[in-house]
Amino acid sequence: MNRSITPVADWLLGPAGPQRWRVAQSLLALGAYAVLALVLAWQWRLDLISTRAALPLALAALGCGLGFVAVMRSGLNLVLHRRFGIEPSLTLAQSVAGLFGAVWVYLVTGPTRGAALGLMVLVVVFAMFRLGPREALGLAAAALLLLGAASRWLTLTDPFHFPADVEALNLAYTTVVLAGVALLAMRVTQLREQHQQQRTELQQALSRISELATRDELTGLPNRRAILDQLATETARQARKKLPLAIALIDLDHFKRINDAHGHAGGDQVLRGFAHRVESELRGGDVMARWGGEEFLLMLPDTSVEAAQQCLQRLRDRLRASPFDEVAPGLQLTFSAGVTGCLGQGDIDSAIERADQAMYRAKEAGRDRTEAS
């Protein structure tokens, strides 16, 4: 049953998303206009309204509703939003049209015109979930002005059937109701804005938490957890496309001496500076992560072990050409590295272990060098 309904709903409402909801809301408004047309037909059948008065109003109401549905379904509202910044739901335009329709009903329905006052309130209530406080107040004020003008017209053209005192009472009662609705609309808007602010703050907090969970706070590099996830993703791609993948473990030489000589603040500067210098030399798909302490893991997709060794040599050349003067004039930094190839997802742990052993061989062989495994 649901499968048979879905194509019809897609044809009528369009694809899922915000625009689909806008089309649905415009169809709901069209339904309200259709009900109004039926009520007018009922009044006509009871001889409470003439054909001359009922037919144009019914046709105008249905035409207005169909027009807004067509605008939404065609996407013209999105074009207006992009070009002129108009709110894509066209709430204000639909509300103004509804107010004019309610006033028209008030003018032509004679003894049942009091029901039209409820239509005005309905329009303002419909709009208050989308419009801001100023727009809601402006809409309520416009409703009162239109009603006042309509009442004045009726009392001037037919004072016997539309006594001024009765029209004044209608206007007074409507003022009270619309004032209450306008205040409620302002409160709803405030709650909506508070909810939006809280939602934004929550999204920012979640983004920050996610970043803290995957980023090293000191260097800004991916942390151990993040690089392991990226390795899993990259090895899956490697297996599909049969491409090489190299992994290197890097250990900064004599980092303890730097900490002893320049303090932990100086050591932190060196770590940040090293991360910045290395990242500036990497390709777009290469990823370096802080593995722990002064150790870093470098992932080099589409790279053989020999090419990875050349990459590490370029990094050494970059460090030699860029001393850490921000910590101490002429301070040079070297590193020892172990590099290996990773053969797939099942080889990640073994590859890291091989790179680690190769790195220790490089340190034992005198540091400032790379060993392959």
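Heads up, the Cβ atoms here are built off N, Cα and C, so glycines get one too.
Feature annotations, courtesy of TrEMBL:
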- 185-215: coiled coil (COILED)
- 243-373: domain 'GGDEF' (DOMAIN)
- 21-42: transmembrane segment (TRANSMEM)
- 54-72: transmembrane segment (TRANSMEM)
- 84-107: transmembrane segment (TRANSMEM)
- 113-129: transmembrane segment (TRANSMEM)
- 136-156: transmembrane segment (TRANSMEM)
- 168-189: transmembrane segment (TRANSMEM)
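Across the domain 'GGDEF' (243-373), the DSSP tally of helix, strand and coil residues reads 62 helix, 31 strand, 38 coil. Across 21-42, 54-72, 84-107, 113-129, 168-189, the stretch most heavily in contact with the transmembrane segment (136-156), judged by Cβ pairs under 8 Å, is 168-189. Here the transmembrane segment (54-72) sits apart from the transmembrane segment (168-189); fewer than 3 CB pairs are under 8 Å, leaving out pairs fewer than 6 apart in sequence. Beyond the transmembrane segment (168-189), the same-chain residues lying 6 or more positions past its ends with a Cβ under 8 Å from any Cβ of the stretch are 114, 117, 120-121, 124-125, 127-129, 131-133, 136-137, 140, 143-144, 147-148, 151. Per-residue confidence over the domain 'GGDEF' (243-373) averages 93 (mean pLDDT, predicted model).
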